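Trainee: After the structure tokens below, expect a handful of questions from me.
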Amino acid sequence: MSEEKKKALFICLGNICRSPIAEGVFQKTVNDLNLGDHWEIDSAAIGGWHVGNPPDWRALDTMKKHDVPYNNHARQITAEDFNHYDFIFGMDEANMKDLSKRAPKGSKAKLLLFGDFDPQGDRIIRDPYY
């Protein structure tokens, strides 16, 4: 009997800087721990401005410098995501407010502020795009 994968979705405003990096680093971490087969990991945007685009060149450059492979393109979060994913991580308080407003009543995803897991205590992942 195979174990059902845990599913994590990382969210930022446009899905071209913070959430792709978080997705890539999380994927690399679980792969390095030989746990990649136990996770489904993706990222998405609050807004639809960059749908279909690759991450910002600075995000790609940062991932490349740290050997974090990445080849996804921006997409916007959907209502279905709130029941597909176990965990949805927002990068800042504005993301969390937007996620709370969009979450369908009774959805299964646990909404979490990604920075709450920072051992250095920096709760907000600031948007480098601005």
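Keep in mind that glycine also has a Cβ here, set from the backbone N, Cα and C atoms.
Since we're looking at a predicted model, the values are computed, not measured.
Pulled these from TrEMBL:
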- Cys12: active site, nucleophile (ACT_SITE)
- Arg18: active site (ACT_SITE)
- Asp127: active site, proton donor (ACT_SITE)
- 6-130: domain 'Phosphotyrosine protein phosphatase I' (DOMAIN)
Trainee: With DSSP assignments reduced to helix, strand and coil, which class does the residue listed as 'active site' get?
Mentor: helix
Trainee: Could you find out if DSSP has Cys12 (active site, nucleophile) as helix, strand or coil?
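Mentor: Where Cys12 (active site, nucleophile) sits, the three-state DSSP reduction gives strand.
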Trainee: What are the DSSP helix, strand and coil residue counts for the domain 'Phosphotyrosine protein phosphatase I' (6-130)?
Mentor: 45 helix, 23 strand, 57 coil
Trainee: Cβ-Cβ under 8 Å from Asp127 (active site, proton donor), same chain, 6 or more residues apart: which ones?
Mentor: Cys12, Leu13, Cys17, Arg18, Met91, Asp92
Trainee: For the domain 'Phosphotyrosine protein phosphatase I' (6-130), provide the mean pLDDT of the predicted model.
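Mentor: A mean pLDDT of 95 is what the model gives the domain 'Phosphotyrosine protein phosphatase I' (6-130).
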